[in-house]
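One structure below.
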Amino acid sequence: MSEKKIDLVIVTGMSGAGKTVAIQSFEDLGYFTIDNMPPALVPKFLELVESSGENDKVALVVDMRSRLFFKEVSSILDKIDLNETINFRILFLDATDSELVSRYKETRRSHPLATTGRVLDGIALERELLAPLKNLSQNVVDTTDLTPRQLRKTISDQFSVEKSQTSFRLEVVSFGFKYGLPLDADLVFDVRFLPNPYYKPELRDKTGLDKDVSDYVMQHQESEEFYQHLLALLAPILPGYQKEGKSVLTIAIGCTGGQHRSVAFAHRLAQDLGQNWTVNESHRDKNRRKETVNRS
């Protein structure tokens, strides 16, 4: 048996959320991959991998097919967890219900759990059955607004074989509550209580990345007080998540539309945290209002 530990990634999540693209991405990263492996076969397969010693990076798509799914997977994860020769993580792919419905309509495929024929019924049942597994997942990726290329990059950033297994990265994202919470957010902070630049005509069409907007947001006493409290709160939290083995922590800052206040806060937070941590900064809804106006 090989003494080298096996790096195992179990890919799961909502049907239509991008598991096929994900498993192709792992193959490009040098992982040995298998799509749609029945949960019951996973332990025997891992035994064969260990005994051969030929593959130390493995990614498996474990698909949802029945109500027995979580019971089977939970039992398997318990066994894997006891195996000191395997390091494993769960990648859970998710997307909003509306986006999943749109993808099914585009491909004209039926949902595997939609016994009544309605895609939404299948999505609702699958989301309920997968909820416990999502809670166990170390990596949750919301693919709602991701192109296949962007999803591949996300997976490469999180699972590239060149990266250390102990690496820890922060994702700081701004968003608008009116467009929904980011599904992959670990920590969510609400800045809607701050004065809104939207009501300043000269600032309305700008974003929190513009200096005059950022200055307006941060000039208020409550803004600076909240920001300093936020930094103090995160100081002990981040090392704790790192110690527990979490590879990616997503911090989401939200305001009403995701254009001004949350963008200014997220940008400043990313810059400050970047002095001590690896940080990726993104602004999900920064241009959403402008795009909506242009389409109307």
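Cβ atoms are placed via backbone N, Cα and C, with glycine included.
Note on Thr20 (ATP binding site): other Cβ atoms within 10 Å of its Cβ, all shown chains, come to 14. Secondary structure at Thr20 (ATP binding site), as computed by DSSP, is helix. The ATP binding site annotation in Swiss-Prot covers Gly13, Met14, Ser15, Gly16, Ala17, Gly18, Lys19, Thr20.
Close to Asp63 (GTP binding site) in the fold, though at least 6 residues off in sequence, lie Thr12, Ser15, Lys19, Asn36, Met37, Pro112, each with a CB less than 8 Å from its CB. Annotation source Swiss-Prot lists GTP binding site at Asp63, Met64, Arg65, Ser66, citing sequence analysis.
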Cβ within 8 Å of the mean position of the Cβ atoms of Gly13, Met14, Ser15, Gly16, Ala17, Gly18, Lys19, Thr20: remaining residues of the chain near ATP:
Ala22, Leu93, Ala95, Thr143
